[in-house]
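Feature list (source: TrEMBL):
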type     : residues : note
TRANSMEM : 23-45    : transmembrane segment
TRANSMEM : 57-78    : transmembrane segment
TRANSMEM : 115-132  : transmembrane segment
TRANSMEM : 152-173  : transmembrane segment
TRANSMEM : 214-232  : transmembrane segment
TRANSMEM : 282-307  : transmembrane segment
TRANSMEM : 319-339  : transmembrane segment
TRANSMEM : 346-363  : transmembrane segment
TRANSMEM : 383-404  : transmembrane segment
Amino acid sequence: MCGEIIGPTMTILAHNIQVTFNGIATVLAFGSVGGLVTNIFCGIFQNFTANYPELMLTTAFLLTALLMSITPFIGSLWPMCMIFLLQGTAGSFANMGGTNLLIDMWKTRVATPLNIVHLGYGFGAIFANLLVRPFINTEDEYPQAFNTSIRFPYIISGFLCFLIGIGHLVVFLQKSPEREAEQTVVETVSLQCDTGNEQIKFSVYSPKTCGNGYFKYGLILSFLFIMYIFFVSGTDQVFAKFYFSFLTNDQFRMSSSSASWGVILYWLSYSIGRLISAILSIFLPVYVCLTITWCGGLILAVVWNVYVWVFGLTMEGLFILGSLTGLIIAPLFPLSFAWFTQNLNLIPPLLGALLCACGLGSLTLQKIAGILMDVNQNHFPTLLTGSIAVTMMLFIVSNLVIFCHKRTVKTRRNSLINEDEDGQNMADYLKDYNNVRKNSIILSF
């Protein structure tokens, strides 16, 4: 709710602080900066992240409750930037703490739990849009006076966050005695080598740790995954934040009330997409689910551009394409993190780096989207297409690296097994030879 209530209220907030879409993009960028700094902090202080996820969630929701209550009363750009900077900080605490908690519980089987938990994001966005609808101005232009019509939805969202924060605080206090008794500081990670039973220790910040003992594999794949999630998160956030404003531009002559229904349909299909993904990931490998999703995304991006630039869009066409976009974009984030977990050792520093990339992707692409929306709003789907194309290329390259690595490891293990078998055969031969020789001596005697 708190992440997506900005969408239908963006024009009101822009009016209150007297900026264009470019100015709002700057505000959103500050939110991404707050998330980026927080993720760096969590990556460096990995023991805190690993041991206190409930405290991180408590801090995130209580801070968000305060900030949501203040937002609709801000009347200038820089205070609003500071509010969003802190909101980004709170969002990253929630993301880092919650994701780390789920991965710690479910390990490589985290795909379905991640999809189910993130299903709440779509439902929260639907509720936020329904909550805002009675309070948004349905006229073409907003009055000159400061608009506080959205204060009630923001305060209600803040109050709900306060209740959730208290719930997490209770869980944290209950687990504190157990944690004090069991807590250990992890400075190194022991990994099993392919060449024997020897345990070798690596630094938790080494790519060897991420790559389960393979430095080059861990380094290359970590870099590819960071670039990949940069575009995944950026695409998700750009469409969610600017879709309402795209619907209400002069070209489509759509009222705010009609546009809000379009956004609600988007989030409904978004939730359905994550539910379908949660079910499919039980029966299909994660990389297969992602491949299907990305192929659908590429086709959809092409259709968006054809209709916008060639045929033109009607209200019905916009609603259908928006709904299909939600259906396809929704599974990408949870499925991607499940994919990362299956192919790398997702330790807190790497998780922090991935979430930093999420923040940078949101910051960069939202800023670009704000500039493009001011120039020509038809460039909105063009940005979507470019981002999807680049991300698909990174996805393909990553899978090639994974395939080559697994093939190399399998070949090496087979070689070791053959060497062991050859050694055993030689030992059996020598043993039989000695027995025969011994028996021959006995008979000769």
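Even glycines carry a Cβ here, placed using N, Cα and C.
Fewer than three CB pairs closer than 8 A are found between the transmembrane segment (23-45) and the transmembrane segment (152-173), and contact between the two stretches is not assigned (pairs 6 or more residues apart). Highlighted: of the candidate stretches 57-78, 115-132, 214-232, 319-339, 346-363, 57-78 has the greatest count of Cβ pairs under 8 Å to the transmembrane segment (152-173). Proximity of distant same-chain residues to the transmembrane segment (57-78), defined by a Cβ-Cβ separation under 8 Å and at least 6 residues beyond the stretch ends, is recorded for 2, 5, 9, 13, 16-19, 23, 26-27, 86-87, 89-94, 97-98, 146, 148, 150-151, 154-155, 157-159, 161-162, 164-166, 168-169, 172. By number of Cβ pairs under 8 Å, the transmembrane segment (282-307) is matched best by 319-339 from the list 115-132, 214-232, 319-339, 346-363.
Remote same-chain residues near the transmembrane segment (319-339) are listed as 99, 103, 108, 110-111, 114-115, 117-118, 122, 228-229, 232-233, 235-236, 239, 243, 247, 261-263, 265-274, 276-277, 281, 286-287, 289-290, 293, 296-297, 300, 303-304, 307, 313, 346, 354, 384 (criterion: CB distance under 8 Å, separation of at least six residues from the stretch ends).
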